[in-house]
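Noted in TrEMBL for the protein shown:
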BINDING   B:102, B:142, B:147-153, B:177-180, B:185, B:208, B:260-261  ATP binding site
DOMAIN    B:106-290  domain 'ATP-grasp'
């Protein structure tokens, strides 16, 4: 870090890019985003190149940055191709090609020594035969690409249901994953600089609702953090990560950790790192991508997060109790400046507290304030 | 707070406006600044009206905001006049007229029941006669307006020196303040909503160097906080504050608190509230100005701040040890994107730690890293 102002490019201008930019500015970093949506959240705190991700002039501008990162996994190959050799893109193409494709991702995870649920790649109708039996009789069919927040997924428990689900998905390449009886879902991020230096975020416990993350909690001294770090570090090294990636795990009753999914970026669960006294995941990604010094980032205080998701309309009774949130000690509001829409992530509330018991009590109150 | 996005106008676009905007965005607040400097820090995270503070078109744009606040005290009267009756300006004109003029300020403080150092207003040469004796024989001559960070000030201890200092200042209206033997300098901010609801920041201990704030520290349970709150609350009510103001105090050996100065805004000493797990002073000002719910804001963790001030050149050995700062646990860098210049505030480093002893130890290390 020097007073010379580094320039960071971001592919995408949504709320993750917005929060990356908010974390970058105090580091002396200027930020430019390439994003086709005129009303995208990051426009408020970054130079906004309002153009498609494959726009040649826009990509030329990004190529003039010191490094380029991203806020979503499905970066068009043409965009990556246009930047290649002109500016470091972190994470890079080979990692993105793994993480955006569920079958390649799971294979590459196993090659790196990580465990996953049993799975079968479904590419032709013939792949359906016996697939359920191979994954334990019950499973989740997921499109190999472009799924997120529970979209492009269906639970299946017999052959007819599996065939129907695949037809419903338009016979695109899918993966059938065995259903796992897990104790809880946890996540952990790892950052790795261009020099190979590695740092970790905290272990975070996650609860989903309707396939979308609802609540995350981070308490000190989670017994499974060391194991999750070990897996994340192994994958980061094997995949030659530059930047930051987040592993979602199923934690089994016997303590085993299966990697469910990898995101090549900051993650919704890590938003709670913004207000707990430590470095945030957003600063960690900025640092890793620009080759700035890195250290493990973790909140110094017990903290949690609850997502604000469009609840199906503009009716006041379906909105969060804004006054109640403000009145609850330790809350930090984060709104993304997005138009209200059912099912859309509109913001989140972080909660910090001096001790875990206080956090748990206030978290229950907070959850009751957000529909 | 509702999902309808309030719009905040700010007179000024320096680092305080920049940090106000960075705190406003997550609240769902859009920010527009009126600022004549094309390279001003706030341009990076707010809509920048690049025009003089008295520009009619710029002021029309601010008049369309939900409320207008400021980051400096010397707002031209013409700007305030142009906004009056069209949009709430918080703090308002009568408070600004007090706080920007040292003599009026001190008189208004005393009327509100606060204590100040002894002082004499110097408006004509005749006012100099006997002035030093009235303030105790030794004093500081300060211009009544436009001084900051130690500029427009001179220590005097005899009549000849007083006359010479006043001549040096061009015979402008001044105040001669008696020199106070204080134990330490402390500050405390108070916010007050349009409805009269009041909330307080923490008591902060400050150390100056060459007239400019160098280090601030905030520890829990400062014995003088209650007294400082009492004074601040009394002044806020008497002055009908809307918004946020900061009182700087001299704390005497007997525990008495003399108000040295009032700033009608967030204050350099309060920067440490950004990273301690609580609400920041910037969020508090935004909330007070927009009439959003307010609560006392204080760090949940012991924290401190060291200013980064241009040390006289571009020579590397006069720059902060950036790598050392990054390597010290608990540091949070805040750079303002300003060009390096001797004596200029370029940024600050916040430091948070799990306990006061750790904070003290690391603060000594941090101070050694910043020239």
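Keep in mind that glycine also has a Cβ here, set from the backbone N, Cα and C atoms.
For residue B:260 (ATP binding site), the same-chain residues that are 6 or more apart in sequence and have a Cβ closer than 8 Å to its Cβ are B:116, B:117, B:185, B:248, B:249, B:250. In the predicted model, the domain 'ATP-grasp' (B:106-290) shows an average pLDDT of 94.
For the binding-site residues B:102, B:151, the largest tally of other C-beta atoms within 10 A is found at B:102. Every protein chain considered, the tally of other Cβ atoms within 10 Å of the Cβ of residue B:180 (ATP binding site) stands at 19. Within its own chain, residue B:177 (ATP binding site) has B:117, B:118, B:119, B:135, B:139, B:140, B:141, B:142 as residues 6 or more apart in sequence whose C-beta sits under 8 angstroms from its own. In the three-state DSSP assignment, the secondary structure recorded for residue B:180 (ATP binding site) is coil.
Following the DSSP three-state reduction, the secondary structure of residue B:151 (ATP binding site) is coil.
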